[in-house]
């Protein structure tokens with residue numbers, strides 16, 4: 001004897017069956033997709049640099065050039081290359097995160113470079129913490145952040161770009177803390193480079209919010225790069241003497257700002273003018289930087305018990321009284 005369902009029960013059961021079918025179908029679809037993040041061994045919140053570093057490590061290990069006896073090498077490499085091509089692209093990554101591989105049917109890729117390319121040309125600045133590799137999605141926000149940026153636009157196949165790389169690394173270490181050093185791979189970010197008017201490599205530009213980019217045209221030695229960069233660093237070093245010493249100190253103290261002063265005398269070493277400028281740039285808005293020539297300000301130096309070249313930090317509120325200098329920090 002059959003059981004008859006009323007109309008409402010029938011519709012309810014039909015909805016359940018359809019829902020179960022959809023759940024199973026979606027599970028099958030997801031199961032057949034390659035998890036691009038897992039393929040590269042990165043999390044879904046990985047940065048662009050982390051994705052490039054992970055891919056490079058796998059590329060050097062799995063590339064068919066290094067595995068000629070593995071019949072699956074080509075197919076395996078295509079998988080990780082596909083994952084990288086999608087995750088490195090902001091728009092494709094968003095599509096993948098939302099729809100999986102079904103959202104990428106119009107972007108199949110399939111080409112890759114030689115092992116030597118990944119070894120010597122790929123992500124040449126990714127292992128340098130002082131150099132930030134900038135991409136289109138983050139470039140404008142970075143250079144308009146208020147910080148000073150010096151950016152190297154390069155192409156992986158450019159021999160002059162590779163010649164500059166060691167110097168650019170040394171330069172980045174030299175000016176670390178003074179300004180931000182960036183790099184843009186025009187092989188990966190052709191659109192960004194075209195937008196910025198880059199038509200030769202390497203092209204070096206200074207960027208600061210509110211001003212037009214300034215292109216560097218000098219020779220590519222570290223000293224020349226430092227000299228050019230320092231022209232754009234906001235730094236003021238005050239020469240202190242009897243006529244301005246007390247007022248300069250007290251004005252800064254009233255604003256909660258201390259002073260770092262190097263006293264130059266016959267004996268010992270005072271900070272060089274270049275070092276003073278660098279410190280001023282690094283400490284801009286935090287500490288004022290000044291210097292005093294004790295040969296011409298002999299009495300003032302003696303009143304401060306300065307008998308040889310030295311550098312001292314005067315924190316806000318420090319007394320200049322000869323008998324109460326416990327808060328003044330002599331650095332050397």
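Cβ coordinates are placed from backbone N, Cα and C, and glycine is handled just like the others.
What TrEMBL says about a protein is an automatic prediction, not a curated fact.
These features come from TrEMBL:
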TRANSMEM  14-32  transmembrane segment
DOMAIN    35-100  domain 'J'
DOMAIN    113-234  domain 'Thioredoxin'
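Under DSSP, the residues of the domain 'J' (35-100) split into helix, strand and coil as follows: 49 helix, 0 strand, 17 coil. The average per-residue pLDDT of the prediction over the domain 'Thioredoxin' (113-234) is 93, rounded to a whole number. Note: the domain 'Thioredoxin' (113-234) comprises 46 helix, 24 strand, 52 coil (DSSP; helix = H, G, I, strand = E, B).
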